[in-house]
Amino acid sequence: MLLWLLLLILTPGREQSGVAPKAVLLLNPPWSTAFKGEKVALICSSISHSLAQGDTYWYHDEKLLKIKHDKIQITEPGNYQCKTRGSSLSDAVHVEFSPDWLILQALHPVFEGDNVILRCQGKDNKNTHQKVYYKDGKQLPNSYNLEKITVNSVSRDNSKYHCTAYRKFYILDIEVTSKPLNIQVQELFLHPVLRASSSTPIEGSPMTLTCETQLSPQRPDVQLQFSLFRDSQTLGLGWSRSPRLQIPAMWTEDSGSYWCEVETVTHSIKKRSLRSQIRVQRVPVSNVNLEIRPTGGQLIEGENMVLICSVAQGSGTVTFSWHKEGRVRSLGRKTQRSLLAELHVLTVKESDAGRYYCAADNVHSPILSTWIRVTVRIPVSHPVLTFRAPRAHTVVGDLLELHCESLRGSPPILYRFYHEDVTLGNSSAPSGGGASFNLSLTAEHSGNYSCDADNGLGAQHSHGVSLRVTVPVSRPVLTLRAPGAQAVVGDLLELHCESLRGSFPILYWFYHEDDTLGNISAHSGGGASFNLSLTTEHSGNYSCEADNGLGAQHSKVVTLNVTGTSRNRTGLTAAGITGLVLSILVLAAAAALLHYARARRKPGGLSATGTSSHSPSECQEPSSSRPSRIDPQEPTHSKPLAPMELEPMYSNVNPGDSNPIYSQIWSIQHTKENSANCPMMHQEHEELTVLYSELKKTHPDDSAGEASSRGRAHEEDDEENYENVPRVLLASDH
């Protein structure tokens, strides 16, 4: 804090500069209240003379009176003022003429801090007694039954005074109250005004402060003292008889709010001035310059930056501030006794790029530097690869756009595109943003894609994105698979539909004429099949359709003709009939041979080389229930055939079915005797062969559907219904 060098001018202030002193208005008698009908004399005087020189102007309730004497008499109540040639208008004096019986009078003039005399007066004062005085409704102490009292150190407030008394009316005492009285207290001195030789002094120059006031000319003997302040700090030595304070040199620290106080030496009255703002001006700074490190203002995100602001000249404390284009508030501010200052910006970001300037201010006005551009290069962020296709699921032939974009990164940015680990190509984004690469899709384009971005500050790779290229189905081929070349009722028909190309899953639909038979979804290759147990109604045109969501493809039509007889029933019936016919033929042959043999044994029979007739009845017909044969080593005489036993050599015969129909073919080896009787029988040992054929019965109560179902259920078993058992031996073989 600088030392104050004070020069006190010991000249008391008597008047405010440039303002003429007020005229003085006096009353005679010196009471401001009188009874109605009485007269009061008004006297106008100036400071230099007891009476006014020249014309005197009188005003009653602000209206100019025609009287121009320095002394007048009045009988009307109101506010009176006067003015002379060498003075300004006096303060107003209110004179009251009361019609009341009791009045309260105050001595005039009365100034702030004076002791004032109050007098309670009745029209017939001799018959008035027991007077009491009140202030604001409260009785004043020691004021009972007094003709007059003194009120000490009055002030300019709104206090109301009145008095009460008893009036003698014949033999009665009547209490009477006066009207309230507001004492007209005049200012002892005016409110002070602080004046400075300059409100904006130059730093280092002197300044004079004056606390101006005006003492009432009617109280020239009153002594005043003065004190000056800056903000809340007392200047100089405190209270002084001089209203002036001279400061040899003003500095910026002396800027602030100034005010002063004036009081009587008795401390009875004190008044304060309004505040005045004084700012000390410095030698202005010049040639402000901004420098940036690293030199040139080229930075990479994450580096530190230093902004250096300097001035070529300027005095005192300088306030430096740094600013960026587009920001309202400054980046920083420093105040110091120096010609330069630095601002450190740590870990610069992309938002720190732009134009900068600095300002220097030493309480005069800020001086700005030139603009400097700062460039912050941003390494690319991890790019994001996105696919842009005409539809949600890409299809062969679609034009796919691969878009790679880094949300952060200084341009230019070079983007490279990859399928699996193979480079597809690259594209540059000169002004930032993303880049695209187009592909016309084939099935081979399915797989993982990625991209990377590089702006020279380090490449960044995207996450892999998987692409599945969907292949539309080709035209399907419908194949009919039946047990035989000709489809018959009861066959199990397989409809097989297959598209050789197309992405899975594929939904296959099967149609008979225009009716939908059903559908099957295939999640892998090989097509799909649909089975039908055929009836005559299944003849007609068949087709199928393949669809994987990219458009259905229809097969060519295949025609099927179903014949009316069931394949199983026809086979079994034919086998039964064939077996029966063969059995009859064998029996007939056996009978002929037997007859031939008997004919040869009879006298006169046929010779071995001749042909003789024989009766078929002479040959014994074998039993149809148990087949047998003759051992050729036995005697040849005729005897009954021994019963035949079958060897247990049955295979693939369905014993569980209760409805088989069997046919039996068997041959008999005869003895010599039998051979002679049955010449047509074979003479050599032969194996007896038995053919079994199962013929299914048709149930009368079966519907067409049930019959078809039965046929399908036993379709595989029917394939084993035609079997041969190799041998059946005669009992004699054992």
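Cβ coordinates are placed from backbone N, Cα and C, and glycine is handled just like the others.
According to Swiss-Prot, the cysteine that forms a disulfide bond with C544, out of C497, C619, is C497. Looking up N448, N561 in Swiss-Prot, the residue bearing an annotation of N-linked glycosylation site is N561. Within the set C82, C163, Swiss-Prot assigns C163 as the partner of C120, by disulphide bond.
Per DSSP, the domain 'Ig-like C2-type 4' (284-369) is made up of 3 helix, 44 strand, 39 coil.
Its Cβ placed at the centre, N561 (N-linked glycosylation site) has 11 other Cβ atoms within 10 Å.
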